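Taking it in order: structure first as structure tokens, then the write-up.
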Amino acid sequence: MKLAGLKSIENAHDESVWAATWVPPTETRSALLLTGSLDETVKLWKPDELVLQRTNTGHCLGVVSVAAHPSGHFAASASLDSFVRVFDVDTNNTIATLEAPPSEVWQMRFDPKGTILAVAGGGSASVKLWDTATWNLVATLSIPRPEAPKPSDKNSSKKFVLSVAWSPDGKRLACGSMDGTISVFDVGRAKFLHHLEGHFMPVRTLAYSPTEPRLLFSASDDAHVHMYDAEGKTLIGALSGHASWVLSVDVSPDGAAIATGSSDRTVRLWDIGMRAAVQTMSNHADQVWGVTFGPAGGPGRLASVSDDKSISLYDFS
């Protein structure tokens, strides 16, 4: 497995690019790359040459997360303005606007079937679940308070939730917190199951393996990527190699590799079987906030976005 640089776009946005995801292909068009930036815009790119297809406005503060519905027809952007905007990918028409209290909108993910949008609730110490048919709030998954706060926890009663990930079957939801805890929920019963321990600094991204439903990867400011058996509550492996915070992680569609982006300015490709980094890419001049593999079935692609305002596109084979 290896990455080969295809194209980089400098100044893809006017400010730091904090979020990226792929919009799946539809009957009438191929997959698109979706990026969100501190410049308050969301941009859609044709992935072959990173040609800008459209710029979406509508937020009045930076965009912290973007998510695409599995149908490829609509997507969502979340902003520091505490709004989630759901929009039609091809027309940019607004489908819904979801409002939250300040600092309660962070990372978002659609479930695999596309029926629910999960939004990491930041200071609310919860994950909000929105029904994608009605855009009503249907559940709030609250993280239980720790029974015995550690002396080091200045804010032990609250967990600031930064990241969310769905298991491939949509039955489990994991969320990562500022204190390093990962919480796993049974979505059907809206029930907290357990914590996954091991990190002691913020967990900014989580990703389940698409091929191993119990395997969860976490990226943390402690410079490590952890592999968990999310059902058995066990830490299977810890991948080290980044020199600073690991800000993003994604799993390849075949489940054989992960990519990570770090504040050490690099993108790394890891072989899951070997549990080792096999390649380091140094295309960016600042911290790498997002890495995202292209959809299954298409050409092997990986994209990365950075505080340096650029987007890089790689061939993955």
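From the backbone N, Cα and C atoms, a Cβ is placed for every residue, glycine too.
Note: TrEMBL annotation is automatic and uncurated.
Pulled from TrEMBL, these are the features on record:
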- 10-46: repeat 'WD' (REPEAT)
- 56-97: repeat 'WD' (REPEAT)
- 154-195: repeat 'WD' (REPEAT)
- 196-238: repeat 'WD' (REPEAT)
- 239-280: repeat 'WD' (REPEAT)
- 281-317: repeat 'WD' (REPEAT)
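Of the recorded ranges 196-238, 239-280, 281-317, the repeat 'WD' (10-46) has the largest number of C-beta contacts under 8 angstroms with 281-317. Sequence-distant contacts of the repeat 'WD' (154-195) (same chain, at least 6 residues past either end, Cβ-Cβ under 8 Å): 106-113, 116, 118-127, 129, 139, 141-146, 201-211, 213-214, 216, 218, 220, 222, 228, 230-231, 233. Here the repeat 'WD' (196-238) returns a mean pLDDT of 96 for the predicted model. Taking DSSP states H, G and I as helix and E and B as strand, the repeat 'WD' (154-195) has 0 helix, 22 strand, 20 coil.
The helix, strand and coil residue counts that DSSP assigns across the repeat 'WD' (239-280) are 0 helix, 24 strand, 18 coil. Secondary structure of the repeat 'WD' (196-238) per DSSP (helix as H, G, I; strand as E, B; remaining residues coil): 0 helix, 24 strand, 19 coil.
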